[in-house]
Each structure stands twice: as structure tokens, then as C-alpha cells.
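Report on the following structure.
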Amino acid sequence: MEELDALLEELERCTFQDSEEYSNPVSCHLDQQSTEESKIPQTPKTLSSQGNTSPLKVQLVYATNIQEPNVYSEVQEPKESVLPPKTSAAAQLDELMAHLSEMQAKVSVKADTSRKPLPDQQDHKASLDSMLGDLEQELQDLGIATVPKGYCASCQKPIAGKVIHALGQSWHPEHFVCTHCKEELGSSPFFERSGLAYCSKDYHRLFSPRCAYCAAPITDKVLTAMNKTWHPEHFFCSHCGEVFGAEGFHEKDKKPYCRKDFLAMFSPKCGGCNRPVLENYLSAMNTVWHPECFVCGDCFSSFSSGSFFELDGRPFCELHYHHRRGTLCHDCGQPITGRCISAMGHKFHPEHFVCAFCLTQLPKGIFKEQNNKTYCEKCFTKLFSQ
């Protein structure tokens, strides 16, 4: 495609500069003119042939660089250049080459001794550069003029044929490439960063955020949590593997958990039902309790007075605490909180340890037993000595 670049250079120029040896070229557009007629006078503005008073139209081929004040006559009706159809760059080049072959039979052009042989197809870029040098003189002689479509932002040369507009500039298709891998972008989607173009693969690999789970680039939706980025499908509970729903997640030791697993694994457990304590709770016996679970271990009544008794890590009301410890009075059935008397495998309040017959308090714990009852010595003798 470098041939098209050369085309643009002279398509852009309306006149060409040449060396002194081409100061008097043979024009392919002036037929039947003698050598004397080809000389350009300095004062007249038109050229006329002998025997013909009407002025001849002169086609401007190119301007020269001669230091002498010789000037070509003005072109009255310049001949339009035959432009190739704007179908494709390859079609334009083919038509141009055919036109050159036809004109070479009429125009005498000095051979270019510096012309190099074309390399093979494997070195096609070097071949195009060589063709540019070969075609430059022929294009100047033909006077082909074309309006370029712009200048390539990469090579700074005119663009003919296909053109790509991107990043606010124009490019040859073969020059609009990925900054990293140098692959042609063409009409493929690309990404811009700092004024440079990247293909999708390289852009995501170089600049896209990485998933904290799989470490792959995130090319679509990105989820940000725990100061990291994630693929939405890779942000899930560390215990059960379920993707988090609307209820969100809980974090523990830099790992995300769903609410169910977090509470089951890390929230404090109720000392009564062993389920997680979520809201209101009571703290007692170095653990937490649901209010409805903090009750007597035997009668399951709540502690309305605010006091309880602990036995074997469980709370009890006063009555059942003493019952389990065997400190209920055998006579009245009430807890014994002070002094007590132990007799017949039971405990008694001192005031309740009395004779079963006369109901007098047995002094100093001296008593007689009959049928699991206590008697004072006097009543026992009276009732059972006969």
C-alpha cells in the first residue's frame, strides 16, 4: 500500500520541481510542434505556431526550478487528469500502471540508473518502496492531480484509497495498528488509552482490572468489594459457594460469607438453644442468651426477679436450685438458706425440726424416730414404750 502513499504525494501537488536537465522536457500533450515553437518567450503570454494566428492551448506538465526568468504560459483550459474509479486502492493502482505503459510508448524518459530490482513477495513492503521511486518520475510527467483524503498520522504521507478515521486523525489501514502487538486494527473494535490505540486483547491484558478470584482480566461487568475487583460470578460465599444475593455478604478474616454461614460459623450462640444470637440478647454465665431462652432449667419459668442460681452451667430458680442440691426443708418444702438440721437423710429448718406428736422443737437435735417421724423422748416413751 506504500504505492498509494506516493500517489498521494503527487496527487497533492499541482506542480512539480525538477532538475536542470529536465528544464526543456518533451510534452506528450503538444503534438505537431517544432523545436522552435517549443521555446517559451519571456514577454508574450501565449504561444502561436507559424502559419496559424490562433493561440494553441498549452498543457502545464510541471514547473521548473530554473534560475532564469523563463515562465511557461498560463494554462487556459487544463486537461483533466483521468482519475481511477474510487473503488479500491488496488483497482486505482492497476489502472494507473496500465496508463503508464501506454504513455511510455510516446514519451522519452531517461532510464533511472538507481532503479533497484523488485524483491520477492516475502519482502513486499520493500518492493512497494522501490516502486514508489520508480513511479515518481512517470507521475510527474503525466501531471496526474488528485485531492488526497488526508495525511496518515503514522507515516505523515497522503492517503489515497481506503482511509481510517480514528482518534481524531486519519490513517492508512495498514498503519492503524495496535500499539502493543502491532496487529492491524482495521474495522475491528479498539480501545484508546493516552491517545494510543490497542486491540481488545492487549488492552484488557494490560489495563483492565483483575479478578481477585481467578486473576483474569475483567472485560465486562466488574464488582468491587473488600477493596478488590471481581467477576460477578466469582464473588461468592467462601463456605457454601453460593453467589451473594440482595442480602449482601459478611466479611471474616478477609473472606466473604453469606449471612447464613457467617452467623452459623462466627456469631455467638445462645446458651439455651445453641442458635445464633442476632438481635436482643442477655449475657450471663460467660455466654449470651436469647431472652426467651434464659429460663429455669427445670420449670422453664423466666426469672422475673432478675436473680437466678447457677448449677452445672445452667440457670435455675431458687426452688429448683435447692431441690437439686437437696437443701429443701423436708417439712415445709422451702429452701434452706441459713442454719439447717440434717436428720434421717433430710434437711430441716431448725424451727421445723419438731416432735411429730407434741410439735415442740426438738432441743439440740435430740429426737426419737418411729416410722420416719421424729418424736421427743417424752412423747416417744408415752406412745411406743408399752
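Yeah, the Cβs are placed from backbone N, Cα and C, and that goes for glycine too.
Sequence annotations record features per position, and here Swiss-Prot assigns domain 'LIM zinc-binding 1' to 150-208. Summarising the annotation, Swiss-Prot assigns domain 'LIM zinc-binding 3' to 268-326 and lists sequence analysis as the type of evidence. As annotated by Swiss-Prot, domain 'LIM zinc-binding 4' applies to 327-386, with the evidence given as sequence analysis. If you look up Swiss-Prot, you'll see MET1 marked as N-acetylmethionine, on the strength of similarity to another entry. Marked as phosphoserine by Swiss-Prot: SER19, SER54, SER81. The annotation phosphotyrosine is assigned in Swiss-Prot to TYR22, TYR62, TYR72. Per Swiss-Prot, region 'Disordered' is recorded for 19-52. Per Swiss-Prot, the feature motif 'LD motif 1' maps to 3-15. According to Swiss-Prot, the feature motif 'LD motif 2' maps to 70-82. Annotation source Swiss-Prot lists motif 'LD motif 3' at 92-103.
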- [ ] On the DSSP side of things, how many residues of the domain 'LIM zinc-binding 4' (327-386) fall into helix, strand and coil, could you say?
- [x] 14 helix, 17 strand, 29 coil
Open item on the list: Can you break down the domain 'LIM zinc-binding 1' (150-208) into helix, strand and coil residue counts using DSSP?
Closed with: 8 helix, 19 strand, 32 coil
Open item on the list: Give me the DSSP three-state residue breakdown of the domain 'LIM zinc-binding 3' (268-326), ordered helix, strand, coil.
Closed with: 11 helix, 17 strand, 31 coil
